[in-house]
Amino acid sequence: MARDLIGPALPPGFKARGTAEDEERDPSPVAGPALPPNYKSSSSDSSDSDEDSSSLYEEGNQESEEDDSGPTARKQRKNQDDDDDDDDGFFGPALPPGFKKQDDSPPRPIIGPALPPGFIKSTQKSDKGRDDPGQQETDSSEDEDIIGPMPAKGPVNYNVTTEFEKRAQRMKEKLTKGDDDSSKPIVRESWMTELPPEMKDFGLGPRTFKRRADDTSGDRSIWTDTPADRERKAKETQEARKSSSKKDEEHILSGRDKRLAEQVSSYNESKRSESLMDIHHKKLKSKAAEDKNKPQERIPFDRDKDLKVNRFDEAQKKALIKKSRELNTRFSHGKGNMFL
């Protein structure tokens, strides 16, 4: 409002000089580039209040005009307002018609496998949670209250008769399969009948070089052999012995070797005396025959004889004699080509 003046009024055609406050309210013309449309200059609170009052006055006039023009004018005004909202914050030339306007921040290209259909990115989920945090809290509280399996979402088709029929069919299949399986022999798996592989000493073995190249362990199959396996192995050993004896018999002496052997034996009998071993055996046999014929008498106790201390038993004695007899085979001539 203009201040009430005291004194004579100015004649018509002359403009009254305003005060300092009026000069602040009325913006002076700006020298230089002006701001683009839809942008407001930073002004004081008084200018904001004046603009608010003027905008209210303009809105009232617009409403009155809309009432006068009818619904068509309202629709045009609404479309114009929407266009103004879309154009806010846009600088530069506008896109031609038919082109889609891009967002302010286009999404970055995804590096790696894409998400399957129906899944949402974590960023979108977080944005949704920020938009309505109240709804997110209610959803989480509802999920915490639920205990146990969720009810079925779709319709449940359950029939007692169909369930009984399915069960009977399963039992029938089981029985028929069992008859087929009974004819097959039951065989245990390999891990039940075989020993596991030998475990090496992880850092606990001897820290020396091997003395023998073929340092192999014995036959470990005796731990898992069944009676049938033992019988089969015994038969194999017997057959191997028979084959070795047959090979020895195959070395038949030739006629020349036989003739020379007879000549050597006749020469030894006529020219050479008996060996010490044969003489010793003859003495033992004669002594044993004399001891049998002697009458038995009471003998005083002899510790070495009666307790048989430091003496060979019969088994050791027979083994030693048998081993001594093999000296002739070890250091004698071969069975073939006896004579040069």
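Glycine is no exception: its Cβ is also placed from the backbone N, Cα and C atoms.
Copied over from Swiss-Prot:
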{"type": "COMPBIAS", "residues": "60-69", "note": "compositional bias 'Acidic residues'"}
{"type": "COMPBIAS", "residues": "107-116", "note": "compositional bias 'Pro residues'"}
{"type": "COMPBIAS", "residues": "124-133", "note": "compositional bias 'Basic and acidic residues'"}
{"type": "COMPBIAS", "residues": "163-187", "note": "compositional bias 'Basic and acidic residues'"}
{"type": "COMPBIAS", "residues": "227-261", "note": "compositional bias 'Basic and acidic residues'"}
{"type": "COMPBIAS", "residues": "269-279", "note": "compositional bias 'Basic and acidic residues'"}
{"type": "COMPBIAS", "residues": "287-304", "note": "compositional bias 'Basic and acidic residues'"}
{"type": "MOD_RES", "residues": "Ala2", "note": "N-acetylalanine"}
{"type": "REGION", "residues": "1-304", "note": "region 'Disordered'"}
{"type": "MOTIF", "residues": "32-37", "note": "motif 'GPALPP motif 2'"}
{"type": "MOTIF", "residues": "112-117", "note": "motif 'GPALPP motif 4'"}
Segment confidence, the motif 'GPALPP motif 2' (32-37), expressed as mean pLDDT:
76
Could you give the number of helix, strand and coil residues in the motif 'GPALPP motif 2' (32-37) as assigned by DSSP?
0 helix, 0 strand, 6 coil
